[in-house]
Every structure is written in structure tokens, then in C-alpha cells.
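J.: For reference, the structure I am asking about is given below.
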């Protein structure tokens, strides 16, 4: 497939890098300020080099990238909430031209799911978004295989940063601030960790899951949310004494959608440690399906994008 | 020892005066009327506003025996707060945390017992930051069947009124 990549952060760059080995041709790349287009296929190494050395991908504009010839648009700009712009507009442009869209950006399907599905119905293009939840974990293809109508609930650890902090607090008995500083030092948490530690990121993922699983349209506002930043070390210690631990759990079931710190069995499936994610899918006929793996990272997320591209090829 | 089939386990909540011999006096009518004492739970240090000591007793008895026991207790001037008609079968553990929880704990627990069908079985407090700082408490509740969701909702409400946060368990069977 010929792919145009919008967004050249860790995920966008990994997509440019992995496209060729997966049999795709990158024909256009845009970052926040510029773009580069070559209908015959870009030299991935050259584009990435230029991004690294000059801080930009090329001499052209984002509009030139959006207007270029491609089969699928990969939207990998940073997630925005509210009206999910500018990603939503990129999706509209691509679908309007009957092109496929693969989202890494959570905004459009978390905040404007109905609009996106509506535009998809009017288009010959399709929208896929495996990369939006659980990084490399095949969450939506699993749900697709089981059939959303056979899934009664989904829950899991959906944010690696929060999970890393809680794991460190448990293992070392350190305070939240200490564990956060560690996470920031090794690049697991951003300088402004709000999105991760307040539960927003996990809540957006739950909203997307709920949109896929239920007939109701969810947005961030409809998700009950509590973060981890106020949890004292003593709470984790008490949990551990009782054979439990605390994890930030996202849950989608018949009674609603919520993200909250929860007590889970210390040795249970949900007590993944470090930046690992886990997703539990409750099915009507086959009990519980657990899938865990790396929930973030450039190559991990790009791997999910490659799986969407493969699905679109059929 | 086998219990006859018509016996059930009832939870009886008492409030005892703080004086020697009270507990023995309260337990006597249970044996006298054919009840079989299963457990006595006394939360150390917890007092009612009147200064009485709350005690919870699990008794295996038939419903007739239970009625006789409760009547005898009352005749002996022992305060019976509640004589359960059903055995508490669902147990749940939650962690509360927040500023000043250490000084507020006893009132918080009373409030939980007063507004839910649950009984506080066990409490562990960790106040590592010293008095008035952020403290945590693990509370173990026993509640009547099918009231877990309701109990947790009330717990959240009580916590939020007191500026505390709750870490709830996942529902039974989840996360295992």
C-alpha cells in the first residue's frame, strides 16, 4: 500500500521505518510544521535523518501531504481531546477522497465516534484504530474475531506510565513523587504527566472500547475517572499486607465506563508490572480472554498500525 | 460437631457497657437457649458515642432459638442493635485514604455501619505521615448477599463527604 504518514513523533517515525519491511511504500510524511511527498516512494532513512538533524521532515507543506496520492492515511499526531482537531479534519479529508485511514491518534474515535463512522459510511475508504488501545496488543482484532456482540465486558491496565509508577511504589515503598521522577528520568513519563496519571489517557481508551462494544456513544466526559497521583505509599503497603495490590483499571461493562485505582490480587492476571498493559475480554460463550504486552512505544504502536494496514489490503 | 439442618448462622450486634463480666453475661443466654457460638468479634478501641463497646457475635441457631436468645439478652438489659436474619456471606476489602483519616477513622467506620448493610470486620490503619497527615486504612467488610455494589456506592459517598478517596476491589471473580 502507498501510505501517507501525518505526525512524525516516535510513532510516525517507527511507521516510516517499518513500512518497507511490511511491504508498504511511504509516499508522504508530515510533521507539525512541514511535509515531504514523493509518489514513487520516499527513502525512509533520508526522511528520518532529516527529521533528526534538521528537526523537520522536508520542504513541503502538510496540505501537499494530505493532497498527495496514497492508499491509506496514517494519523499519528498527538491525541487532542475536545473536538479532536486537527486529526478529525485529516480523517475527513482522507475519507472524502475515498482513502483508508489508520489512527494512532485516539481523539477522533474517542471524542467523535459517530461522526467518524458517519463519514466512513459515505466513503469507499475505511477507518481502523488498533493502535489507539494497548499499543502492540491486538485488542480490537480480538474483539472483532470474537464478535462485539459476544463480549460482555472489557477491563484492564491501559496506561503503562501509571502502572510503572504504581509498581515502583509497591516494590520500593517510595512516594508517588519519587516514582514519578524516576519514570521521567528513564523516559516512561512525560515532563507533564497529567494525561497519564490523572487517568485521561486510559479513559480515552475506555471510551473507544465502549464505542466499539455498545450502542451508546461515549466521550471522555462520560467516563468516570480517578487518577493515581494522590495515592499514598501507605495505601500500597496496606494492600500488599492483605495480598492485593493497586492498579489503575479501566472497565467497560453494562453498568458503565470507569477508570479508577482498584485493589487486585497481588498475583492475579491484572497485576502486571512496569509499563506492561493487559486487557481482559469477558465473552458470553468462552469465559475470559487475557492479552498482555507492551502498551506503548514507537515500534509497538507501529506494529499495531501495520496490522491495520494488512487488514485494509484484503 | 454437626449442627441440625434448621440451624442458620445469625450475626447479632451488641453494645456492651464497659465493665467487668459484661461479655460473659452477654454470651450466657446463647448457650442457655441452645445457640452455638461461632465467633465473637470486638473491634479494639472502637467505642460508640455513649462509650459502650460494640461487639458482634455469630451464632448458629434456629430462628426460634434466636428469638429466645434476643429476648433473654434484652431482659438482661443488654443492648441488642441488630439480630441478623441472614448470614453475612459476602466479604469485601477496600482501602480508604486521605488527609486526617487517622483522627476521623472511628466516625467514618460508624458512618459506614450506619448507612450500609455491612459490618466492619477488621481495620488496619497506616498513618506514616504522623497525626493529621495523609493516612490509609484497609477495611474488611462483611455484607449481606447481593449488596456489594450498593455498599461500595455508599462507601464512595461517605468517603467523598469526608474528603477521602476509596480504592475499591474489583467485583468478585474479576481480575483473578
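Cβ atoms are placed via backbone N, Cα and C, with glycine included.
Per TrEMBL, the feature active site, proton donor maps to A:205. What TrEMBL records for A:7, A:8, A:9, A:10, A:11, A:12 is NADP(+) binding site. If you look up TrEMBL, you'll see A:106 marked as NADPH binding site. Per TrEMBL, L-homoserine binding site is recorded for A:190. Feature annotation from TrEMBL assigns domain 'Homoserine dehydrogenase catalytic' to A:138-309.
So where do these features actually land, and what's packed around them?
T.: DSSP assigns residue A:205 (active site, proton donor) to a helix in the three-state reduction. Cβ contacts within 10 Å of residue A:205 (active site, proton donor), excluding its own Cβ and spanning all protein chains shown: 28.
Take the CB of residue A:7 (NADP(+) binding site) and look out to 10 A: across all protein chains shown you find 22 other CB atoms.
DSSP assigns residue A:106 (NADPH binding site) to coil in the three-state reduction, outside any helix or strand. Within its own chain, residue A:106 (NADPH binding site) has A:79, A:129, A:132, A:133, A:201, A:204, A:205, A:208 as residues 6 or more apart in sequence whose C-beta sits under 8 angstroms from its own.
Classification of residue A:190 (L-homoserine binding site) by DSSP places it in coil, neither helical nor stranded.
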J.: In whole Å, how far does the CA atom of residue A:10 (NADP(+) binding site) lie from that of residue A:190 (L-homoserine binding site)?
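T.: Answer for this pair: 13 Å between alpha carbons.
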J.: Applying the rule Cβ within 8 Å of the centroid of the Cβ atoms of A:7, A:8, A:9, A:10, A:11, A:12, what extra residues of the same chain belong around the NADP(+) site?
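T.: Near the NADP(+) site, the remaining chain residues are A:5, A:13, A:14, A:15, A:31, A:76, A:77, A:104, A:298.
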J.: Where among the binding-site residues A:10, A:11 do you find the Cβ with the fewest other Cβ atoms within 10 Å?
T.: A:10
J.: Give me the mean pLDDT over the domain 'Homoserine dehydrogenase catalytic' (A:138-309), rounded to a whole number.
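T.: Per the prediction, mean pLDDT sits at 95 for the domain 'Homoserine dehydrogenase catalytic' (A:138-309).
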J.: Can you grab the distance from residue A:7 (NADP(+) binding site) over to residue A:190 (L-homoserine binding site)? Cα atoms, rounded to a whole Å.
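T.: With distance taken Cα to Cα, residue A:190 (L-homoserine binding site) is 18 Å from residue A:7 (NADP(+) binding site).
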J.: May I ask which residues of the same chain, at least 6 positions away in sequence, place their Cβ under 8 angstroms from the Cβ of residue A:190 (L-homoserine binding site)?
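T.: In sequence order, the residues whose Cβ lies under 8 Å from that of residue A:190 (L-homoserine binding site) (at least 6 apart) are A:161, A:184, A:196.
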J.: Any same-chain residues 6+ apart from residue A:9 (NADP(+) binding site) with CB under 8 Å of its CB? Would you list them in sequence order, or say none?
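T.: When sequence neighbours closer than 6 are ignored, residue A:9 (NADP(+) binding site) has A:76, A:77, A:78, A:298 within Cβ distance under 8 Å.
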